[in-house]
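K.L.:
Annotations for this protein, taken from TrEMBL, read as follows:
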- 46-68: transmembrane segment (TRANSMEM)
- 80-98: transmembrane segment (TRANSMEM)
- 119-140: transmembrane segment (TRANSMEM)
- 152-171: transmembrane segment (TRANSMEM)
- 178-195: transmembrane segment (TRANSMEM)
- 210-231: transmembrane segment (TRANSMEM)
- 252-269: transmembrane segment (TRANSMEM)
- 289-310: transmembrane segment (TRANSMEM)
- 317-338: transmembrane segment (TRANSMEM)
- 344-362: transmembrane segment (TRANSMEM)
């Protein structure tokens, strides 16, 4: 009987028919919620994560640009605030941490599935992801410093293309004509911006710095796509637990490592010596300087929770697709608040990126419909076998 239960549980964990709604630990002697109710709960969680991601990312990007426009000049400080807000998540971590004793004592099968990985493995994982996050945040800081917000946001859409490639090799993501169409459109969108740099208002930024900002933003998009694919792989192969606390762990501990890396960089570069002067000379005042940094840190954490939540519930590629929803929002807000130019090149690049985004969304809809049909067929087969 135990062998049959183990096979059933493993089959559910491997079966990707419904995103994570059937991947948790289900004991045969516990009442099950109606499938339709569980499906609605999954959609509610996904919609909450989507709101966190889009709202947090848009606000954090605009605040990051505001920091530079009003007199901020420290790249390491701009990098620091992207990960330093993790302490606000600690109360949630304590609240949502499951009591391991109740899991392990209720059923030995559940205990074997929910077993924690080795501490040394987790330390290595969090340190590696944290260092990758530090380099990624630094490249994003350079991109935001040297590029207009609208150009920066449109270039960030290329992370979807990078993520598709990494997902293919690391997460067994299938390439379909619609996904390939999405990748081609996003590549053309970025290329439009690359070959039309002269159309930008770069009177205060040299072409060399513009090129650095362009390359750093594209490089950061590639690094962040690798980060998301590795996070998804870690959930599947290392963490192997399906709780909200695992999402918090994956955000808090790498962010702690990234923050420590930023502090080392801040002191090693000598930028810490100019922070006091920078705050005093900030155009909006010292209080505004502090509030800009604090709320930038908070909104990046909100965005990261939404991003990792979507990785947890669906996939790294889907989370990257949703992050591009903010793509038409940020450039429009940048035109209003920062007076960026919205010329024909940017409009075409934005439309191509939105087309690429919709192309992938439609592919996800087709995949979900197909998996739903497969699940219904498998349930019918199970019922028929049970009756026999």
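Quick reminder: no glycine exception, Cβ is built from N, Cα and C everywhere.
All annotation found in TrEMBL is predicted automatically rather than curated by experts.
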K.L.:
Hey, which bits of the same chain come close to the transmembrane segment (80-98), Cβ under 8 Å, at least six residues off its ends?
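P.N.:
Distant Cβ neighbours of the transmembrane segment (80-98) are 60, 64, 133-134, 137, 140-141, 243-245, 248-249, 251-252, 254-256, 258-259, 262-263, 266, 293, 296-298, 300-301, 305.
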K.L.:
In the same chain, which residue numbers or ranges, 6 or more beyond the ends of the transmembrane segment (119-140), come under 8 angstroms Cβ to Cβ?
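P.N.:
Here the qualifying positions are 75-76, 79, 82-83, 216-217, 219-220, 223-224, 226-227, 230-231, 234, 238, 250, 253-258, 260-262, 265.
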K.L.:
Report, as numbers and ranges, every residue of the chain located at least six residues beyond the transmembrane segment (210-231) whose Cβ falls under 8 Å of a Cβ in that stretch; write 'none' if there are none.
P.N.:
129, 132-133, 135-137, 139-140, 142-147, 152, 155-156, 158-160, 162-163, 165-167, 170-171, 190, 193-194, 197, 200, 202, 250, 307-308, 311, 316, 319-320
K.L.:
If we skip the immediate neighbours and take only residues 6+ beyond the ends of the transmembrane segment (289-310), which ones have a Cβ under 8 Å from one of its Cβ atoms?
P.N.:
45-46, 48-57, 59-60, 63-64, 66-67, 70, 72, 77, 81-86, 88-89, 228, 231, 247-248, 250-251, 255, 278-279, 282, 318-319, 322-323
